[in-house]
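Annotated features in TrEMBL:
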- B:2-96: domain 'ABM' (DOMAIN)
2 protein chains.
Amino acid sequence: MFIAMNRFTVPLENAEAFEALWLGRESHLDRMAGFVEFHMLKGPEADGMRLYASHTVWESEAHFRAWTRSDEFRAAHARAGDSRKLHQGAPTFEGFAAIQHLSADAAA
Amino acid sequence: MFIAMNRFTVPLENAEAFEALWLGRESHLDRMAGFVEFHMLKGPEADGMRLYASHTVWESEAHFRAWTRSDEFRAAHARAGDSRKLHQGAPTFEGFAAIQHLSADAAA
C-alpha cells in the first residue's frame, strides 16, 4: 500500500474558499487502476494558518506513478491555479509506503 | 473519520533498528472502541534522514481522545524510551479530520 499526501498551508481567511474549491472539483481518480481511496484532510491550526492534506491511498507506488503520467492527472490539475492563490508557497508532497498494517477487523 | 499521525525523523543509520522496534512492539489498539486501522509508514529520505509516520484511523476525534486517556495508551507508550534515542527530537503529532472521501468502491 502506498499513500500520497500533499500538504497545503492555508491562511485562515482563505480556508473556506480552499475547502469549497476542493469539494467542488471534478476528480478523475476513480477511473484509475490501483486507486483505493481519497480523503481531503483538515489538520491543525498554528500562527493564523491551517494545515490541509490531500491523502490518496494506492495499491502500490507504481499505480501512483502511472496516475501522475496520465491524461486524467493533467485534467485534474488543469485548474490548480485557482487553488494556488489560496495557500502559501507550493504544496509539499510526501509519499509513504506502508510497512505494517493492523486493522480492527483482524481483531474480531 | 479522524487520522492521528506522528512524524519521526530518523537518521539512516538507525532506520533498521527503528523499524524493528515498531514491528516488534505489542499494540493495544485493536481493543479500543472506534479504532479502524493502523499503518506504520516509511516516507521520503532527505539529508541523511528518513521520515517515518505512524498513521492511525479512528471513527472520530473523540475516540482518539479516549484512547490517549486509557490504560492501554500508557502501556503502549511505556517503552517509548527505546525508540526515543533512534529518532531526532520529539515526534511531531498532527491530527486530521476528513472533510471529503472518495473511494474506488463507490465508482463500481
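Numbers run from 1 along the shown chain.
For all residues, glycine too, the Cβ spot is worked out from N, Cα and C.
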The domain 'ABM' (B:2-96) - residue tally per DSSP class, helix then strand then coil: 36 helix, 41 strand, 18 coil
Taken over the domain 'ABM' (B:2-96), the model's mean pLDDT: 91
